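Working notes for the structure below.
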Amino acid sequence: MSNNNNKDDSELQSRTHYYNPDRTAIPVKDDVDQLDKFGSPKLSANDHSFTNTDSVTSEDRPFSSPVSTLTSNSANFSDSSLQNSPVHPIPSPALSPTLNLGSRPDVKRVSSGGYFALPKQLTSIRQTHRPMSQQHRVPSFHPASDTAPPSPIPFHHHLRKKGSSMSIPGQTSIVSSNNGSEATNPPEEKLAIIMVGLPARGKSYIVNKLVRYYNWLQYNCKAFNVGNFRRKHASHSHDDASFFDPSNEEASKLRESFAMDTLDALLQWFEEEDGVVGIFDATNSTSKRRKAIVDHLSKVPYVTTLFIESICNDEQLIAANMRMKLVGPDYKDLNPEQSLRDFQERVRMYERKYEPLGKSEEDLNLRYIKVINVGKKVVAFNIRGFLAGQAVFFLLNFNLSPRQIWVTRHGESVDNVRGRIGGNAELTPLGRQFSEDLALFIDEKRDEFQERLYNDYSKESHLLQHGSHSFNGKQFETSFNCLTPSENTVNDPQVLDPEDEERLEKPYSVWTSMMQRSIQTAAYFDEEQYDIKAMRMLNEICSGICDGLTYEEIKSIYPKEYEARKLDKLNYRYPGSGGESYLDVIYRLQSVIVEIERMKHHVLVIGHRVITRIIIAYFLGCRREDIAYLNVPLHTVYCIEPQPYGTDFYQYNYDPNTRKFSRVPFSL
């Protein structure tokens, strides 16, 4: 029994604890000079000797208590005040669960259940009763050395770092802690997108779509095409297939030089023109080239790199892309048959050394996206960052299916006649007439487009059987792999299947806002033939306290607001509950734009002035300074047809006297 007691005493003696005051302590006025800059008592070699050994683990301190564990048998006090301090060996609760020290002033109980002695020198620190926070954890110290360390630096002074998160134009801002004011928050992240892929695989198509999307979201985005740089700086305008032969060392060095010069131009644009997303458009077909690009970009710490590879194994898509190349800058005004053979040879040169994205990039922990057959399959690896995530999101939601996108404003409303903004007015008689004729007009155009699809299908079936086609009006024979269906059918290869002709019958959607004037404009569409849906995202911009006023009334009642709007219409936000800016509406419409890109069928959007401006600005790729000033009058209908080479636009004006829509030159 006595042996057990001695054993317990030994264990108890080896587990002696001391209390080190927390950082929430409030010093007595006379003792301020005895504290260091972190509020801790100043310690010197003459006070005591502590060594930070952190012998207590996080499991020993379940509530992050400021526990300082000290082995008493190695203590070496030189200061008499500390030597005379009552040091009480206190066992842990597991050794003495019934121990009770009452209210002794020199002992403090902590949340883990143990007790700690207060050295006399520290009793002048008046303790607060607030619980210790995680930020004020104190390291453990052991009197196991002859040299006293400096006062321990709190945990947060070691590891606290400024975070970096998404910056959205018009939606995020920097708040100053000094006066609570807000400032614009330019994106800290800059994204360099590096394209990868063989020629005629749709890289430039993806590039153009991404440039338009990022710029529409108000991120400054620009593409840098190595081919354009080569044509601009080469000694002659056309390089035949031999220039792309990997065994041609002189040409290979020249191509590498063009690539690095183009990359330098991208970095210069980042630095000098506040670029946010730069796209490096080239084949970048080998791991060696891609590694050189990463090494080059790594010199700039604020740039994130994302590779996007475009893969296409659909012969019809490749054929269509090849035909587009034959009318491009490398083969313009040249013999089409000879140009086709040269381009095919160029592709074979690249195929000899082509290395797809994969293990080599994964071993380097690089970010990449593989887009297969224009978005039918998308593979993403190690995607991090808001801007890179936007690219993945967008590439998952676009296609090349032939379709029509119609955009118009609602018919004339009562508030339009009165000149009042906002509100929820009904249509005038003229507005209802426009609505009725609009339904008939869309019916007519729907039938015309359907007939065009059938005609194209018949023509392509004939070409597939006879193996001939024409370029620039010249007829020549082609092999099956080089057959080039028309833009309309090749974009959706499934329409070429004779057993699946029902795909030629395109469904149709009609979208309105939640406001009466928009819903009433769709009233004459047959619900059996059109999917009619009202969307709150399509509501007109909310004008806050200016809702229901004319512009003259705003100028008179709120002159400062009137002038502020004139100075910066895109960024100006109407004051008052729910007031919005153009940038607010852009992000409200983001899901609408992505859904339009995703859909393979027709849609008519019946919106409002700001809504129509923003949607058309997206498809046109308008500059940010032009978006808020596009001319989109009432009773004008816009038709948008996505194509592999871009977008076709048509404009139709309504004549209320003849009740007809006539096509006019597109203008905004």
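Using N, Cα and C of the backbone, Cβ positions are placed for all residues, glycine too.
Reduced to three states, the DSSP call for His608 (active site, proton donor) is coil. According to Swiss-Prot, the active site, proton donor annotation covers His608, on the basis of similarity to another entry.
Non-local neighbourhood of Gly197 (ATP binding site): Lys203, Thr283, Ser285, Glu309, Ser310, Ile311, Cys312, each in the same chain, at least six residues away, with C-beta under 8 Å from its C-beta. Marked as ATP binding site by Swiss-Prot on the basis of sequence analysis: Gly197, Leu198, Pro199, Ala200, Arg201, Gly202, Lys203, Ser204.
Look at Swiss-Prot and you will find Arg346 tagged as beta-D-fructose 6-phosphate binding site, backed by similarity to another entry. For the recorded site, Arg346 (beta-D-fructose 6-phosphate binding site), the DSSP three-state label reads helix.
The compositional bias 'Basic and acidic residues' annotation in Swiss-Prot covers 1-14.
Sequence annotations record features per position, and here Swiss-Prot assigns compositional bias 'Polar residues' to 46-56 (among others).
Under the heading compositional bias 'Polar residues', Swiss-Prot lists 65-86 (among others).
Summarising the annotation, Swiss-Prot assigns compositional bias 'Polar residues' to 164-184 (among others).
Annotation source Swiss-Prot lists region 'Disordered' at 1-105 (among others).
The feature region 'Disordered' is assigned by Swiss-Prot to 136-185 (among others).
The Cβ neighbour count for Ser204 (ATP binding site), using a 10 Å radius over every protein chain in view, is 23.
Within 8 Å of the Cβ centroid of the ATP site, not counting the listed residues Gly197, Leu198, Pro199, Ala200, Arg201, Gly202, Lys203, Ser204, the chain contributes Thr283, Ser310, Cys312, Asn321. Across the structure, Pro199 (ATP binding site) and His608 (active site, proton donor) are spaced 42 Å apart at their Cα atoms.
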